[in-house]
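According to TrEMBL, the protein carries these features:
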- 1-70: region 'Disordered' (REGION)
- 82-104: transmembrane segment (TRANSMEM)
- 116-134: transmembrane segment (TRANSMEM)
- 141-159: transmembrane segment (TRANSMEM)
- 195-219: transmembrane segment (TRANSMEM)
- 231-251: transmembrane segment (TRANSMEM)
- 616-642: region 'Disordered' (REGION)
- 624-642: compositional bias 'Low complexity' (COMPBIAS)
Amino acid sequence: MSRQSSSHQRSETDKGTTEQAPTEGPTPESPPEVQAEPEATPDLPARRQDDTGEPDAVPDQEVSSDHGAAAAPKGWRVTYPAVARAVAWTATGLSLALVFIALLLPTQLSLVEPRAFMRIPVEGVFGATLLLMLPSMARRVVAVLAGVVLGALTILNLLDIGFNEFLGRGFNVVLDWILLDDAQSYLKDALGGTAATAAVIGVVVLAVAVLVLMGLAVLRISNVMARNSAVATRTTLVLGTVWVMCAALGVQVAGAPFASRSTTALVQDRAERVRKTLKDEREFAKVAAVDTYGDTPGDQLLTGLRGKDMMFTFIESYGRSAIEDPAIAPGVDKTLKNATKRLNKAGFASKSGWLTSATYGGSSWLGHSTFLTGLWIDNQNRYRTVTAGDHMSITRAFQRTGAWRTVGIMPGVQKAWPEGKFYGLDHVYDSRDLGYRGPKFSWSTMPDQYALKAFERLEHGKKRDKPLMSEIILTSSHQPWAPIPKTIPWSQVGDGSVYKAIQKAGKNPADVFTDSDKVKAEYGKSIQYSVNSLIDYVLKYGNKNTVLVFLGDHQPLSRVSGNNASRDVPVAIVAHDKAVLDRISHWGWEDGLMPGAKAPVWKMSSFRDRFLDAYGPNPGGGTAPSSPSASPKASAKASAKR
């Protein structure tokens, strides 16, 4: 019985051996180079790698080492080995390029050019060294984390590029997140709700993609380095040596160090900005609490303007570039000169100068508050701090006297605006209160001419027992500068319905804003429209007691004003009463609405104290201004130097 069993087993074994024999040659079920015979396997490595660190096209599991095992199904790597190697090389190359770009990406759009990436980033050398030293599991974890961190830094760099392009400064990680909501609102107004929503979704997807792709890129590079550790070690050593030598010798490429440490410097700079921002918030609260005019009695304020109807008007984005840029100035300068002549003919006189704004390209409320409070308010924390207190503003000084009714015309305000109380305004008319029934002009809720006509209808044209002090914000010159309203007869303004056809016939903001030449031309036209609307109003509705102070809140964004533009804005005072301008004769301002290149340039925060001093009971008496405003003498010296 046992012999029969043994014989049967041998027979089955022989049979199995016989059935394996056909697999010695190539078959459709297995790659041609795979041989089932044990003696053939030494010629083929069990796990072979190419130079990218990728496994060879023939996985070791496809080599049958056990008798009777079925051949594994072929994958695309086996079927197309050349394609597999090309994909592996491409993926590794793209990963290296992605990390390289992230480590060397500038924070200004004008610096993003090929030579900016012709450097060795020390962070890459250090990271490669660290990954080579770590064990397998720790290496993978560190690689993914490093990639995500690098992705986050890349997102911040992209935000820096955007903020430098629009606001002339980098992104503040403490203060500026709130501005992203404003950016979304701006896109909605400029491009429409659907396009704005699509843009927001696209930005979110892009941000997530950057984080994920950067993590995968660093992980892939680390795996390639681990599989080719000898080559990776030698390469890292060579790059590190070159970096040290170039750093020691100060080697530069296109004016930038070849041995780069830009990512490290940016991280240090961000950390320092966070520290300064938090410190500034505490220190500014103390500065804002000190006010030279805080305790001045009302009967000692603005005695030189009693009985005058005062208009403080801000023209959106009205900057120095509008008057001096060769591509913009001809039309604007002609408008200002003609307006000066028209005013003179009607018995008005004017003087003008320059103010250096606390903001650039946007955040108009920072310019408004700096001008009115005499404090340098260049960020949102400072704005919140000052508006939460009781620091004296120019408009509040008028209210304190009890001699004026104070109102605000705010077409750009589209929701509750509690700051009106801080500014001492008896009544604020926002976009919902002005009775407008026409279309929006991109961001601007209504044309300037309509806002001024509404002011006349609601306040200035009514009988009252005291003069009027008004703060008026004109918004038609707000980016994207398309479509632009047209001046129409005042009698046709009505409820604004007449502007529907004008808005429809206007230019597409997307077409204008993306073209550098067009955007400059349309910006200039918008400034001309705003200035003409304001001067037309004064000539039609003003009288011998009208005093107008108008200025720009900030320069337009760099696409219009240029990458190295100043932060200066024009300011002018218009009055029918000669005595009003006589009070500021010592300021050195030039005659007319258009300040020249040699006109004084003051820090915007210095205006409040100069103004309250000039029109107080003792003009030129030398009241010490509040810090950080410059004193009149110091500002005059600074202006002379400039």
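In case you wondered, yes, glycine gets a Cβ from its N, Cα and C as well.
Curation does not apply to TrEMBL; its annotations are automatic.
At the 8 Å Cβ threshold, with sequence separation of at least 6, the transmembrane segment (195-219) comes into contact with the transmembrane segment (141-159) through 3 or more pairs. Beyond its flanks by at least six residues, the transmembrane segment (141-159) meets 99, 102-103, 105-107, 127, 130-131, 134, 171, 173, 176, 207, 210-219, 221-222, 263, 266-267, 270 of its own chain at Cβ-Cβ distances under 8 Å. Beyond its flanks by at least six residues, the transmembrane segment (116-134) meets 99-101, 103-106, 142-143, 146, 218, 221-222, 225-226, 229, 232-233, 235-236, 239-240, 242-243, 246-247, 253-254, 256-264 of its own chain at Cβ-Cβ distances under 8 Å.
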